[in-house]
């Protein structure tokens, strides 16, 4: 019984570690994408913005920025949305997608001015956020209690995870639902019960404990 409890805890810690590794890989991949996109975006601003240079290289770079802009905008999330009032306009755009709309105006820079620097700033700030997240994940990967919690959470949120793996929901939805209070509470209770069971098993053995408990019932 003791061996079973130890193996269960170690198994949950291993699952938690794997989850952290997968999260780190995902954030690292997204960070690399944003970094590469920002490099090419800045290159376009420096070499082609407002210069009316029509070349194969310009067209290739422009098409790449356009085609990848939806993914870049998605990775920016809420950090890439603003309330925006166009110059001279009397109306306001809510949840304005800065990156997508700005990239589309790269060949018509007269339509915009400071917006071009906004995109660069947003990408840099988002990359800084990703760096902080990845640093936190690396720290958590050496904390057995956090890994244990992640292992338990894996099974608690498994039905929701299945929806994500089958493509029915996005990662942002999975992450939001997994952080609901009810899931965190259930996760906490399972860990506490598991620890108490392990202590009881080590100190008295499970069957003697049941006999003792029955005397008080």
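The backbone N, Cα and C atoms fix where each Cβ goes, and this holds for glycine too.
Predicted automatically and left uncurated, TrEMBL annotations should be read as such.
Given the ranges 6-22, 23-39, the record in TrEMBL names 6-22 as transmembrane segment. Annotated by TrEMBL as transmembrane segment, the relevant range among 124-144, 145-165 is 145-165.
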